[in-house]
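The structure appears below as structure tokens.
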Amino acid sequence: MTKIENDRYLRALLRQPVDRTPVWLMRQAGRYLPEYRQLRAEAGDFMTLCQTPELACEVTLQPLRRFELDAAILFSDILTIPDAMGLGLTFGAGEGPKFAKTIQHQRDVDALPLPDPEGELRYVMDAVRTIKKALAQQVPLIGFSGSPWTLATYMVEGGSSKQFSRIKQMMYREPKLLHGLLSKLAASVTQYLNAQIAAGADAVMIFDTWGGVLSHQDYQEFSLQYMTAIVQGIHRQYDGRTIPVTLFTKGGGQWLEAIAASGCDAIGIDWTTDISAARARVGHKVALQGNMDPAVLQGDDAVVTAKVQEILQQYGNGSGHVFNLGHGITPDIEPARVKTFVDAVHRFSAPYHQS
């Protein structure tokens, strides 16, 4: 296989030397881009974009045409697995995701199939193959999945939640039932990510969006142990390639040492965690990804540039940092601010990498 032209992102994840800090954005393909909004309108709905490999490829490539990003990320959704398990995922206009069926009883868990990545989820693998070909080895392609805990919250609650009352009720009343669901999801996520790697993904990321709503003990028991099992099951060497794995728990700053012990290569951190302190705590074991508040992009160019410089300075000299936002970019951001952000990372990071 020919070498990726710009492998800065992969090298940073493995804490190898780079010439400047790599940068990409969570949700870099999305509603803040007018070309995305146009394509989504033409497609009719969000799931059509996800389930049509050519459209998913086009959306994935859109931000790379505008900005000098160091990685592409598969355009998909974390809820593809529960949808393939038969829960009936829909996205209403202006609404979040909703499931027609929810998981409430043991029989519901027992009835869940393990989706075939090249069967019910073939559209995702076809998208990976299509994108990988279109990228022509210019930058790496990131594959991803939701964490078992985060997927379970949607499957039990039936959609997005603020209180997480149903799943927490299950956690405290029927922990065995919840563990059964999480075990099944961990097996499915492992299979799903390995299939993405086989289809061409160069790195994978697990999004634990809702891990931060758990107590210290519950996080270890109901979220981290299942992500750790997935990390252990992922093909880290495939077809002559080393596949780095990033774990991201939003609101997970207190658990960095425990996350680093999972065996992952990198940890995503949000803006509530000090990146300098995070590096001091776990930088000898893992790379760090983050961690600018997406709201900074509401500021003008001077504000964005100053914040980029501040975070670079906080991280300090050497490799092991992938610059990103602390969560996904929001739809109200002007693309011009993103260009300022990306260009500032490249412009001001080089001095931190001079040996």
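Cβ atoms are placed via backbone N, Cα and C, with glycine included.
What Swiss-Prot says about this one:
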type: BINDING; residues: ARG27, GLN28, ALA29, GLY30, ARG31, ASP77, TYR154, THR209, HIS327; note: substrate binding site
type: SITE; residues: ASP77; note: site 'Transition state stabilizer'
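Shown here: features listed in Swiss-Prot, placed on the structure.
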{"residue": "ARG27", "record": "substrate binding site", "Cβ neighbours (10 Å)": "18"}
{"residue": "ALA29", "record": "substrate binding site", "Cβ neighbours (10 Å)": "25"}
{"residue": "ARG31", "record": "substrate binding site", "Cβ neighbours (10 Å)": "15"}
{"residue": "ASP77", "record": "site 'Transition state stabilizer'", "Cβ neighbours (10 Å)": "18"}
{"residue": "TYR154", "record": "substrate binding site", "Cβ neighbours (10 Å)": "26"}
{"residue": "HIS327", "record": "substrate binding site", "Cβ neighbours (10 Å)": "22"}
Worksheet item: C-alpha of ASP77 (site 'Transition state stabilizer') to C-alpha of HIS327 (substrate binding site): distance in Å?
Response: 15
Discussion item. If the substrate binders are ARG27, GLN28, ALA29, GLY30, ARG31, ASP77, TYR154, THR209, HIS327 per the record, what's the largest distance between their Cα atoms, in Å?
Written reply: 23
Item to complete: State the three-class DSSP label for ALA29 (substrate binding site), counting H, G and I as helix, E and B as strand, and everything else as coil.
Response: coil
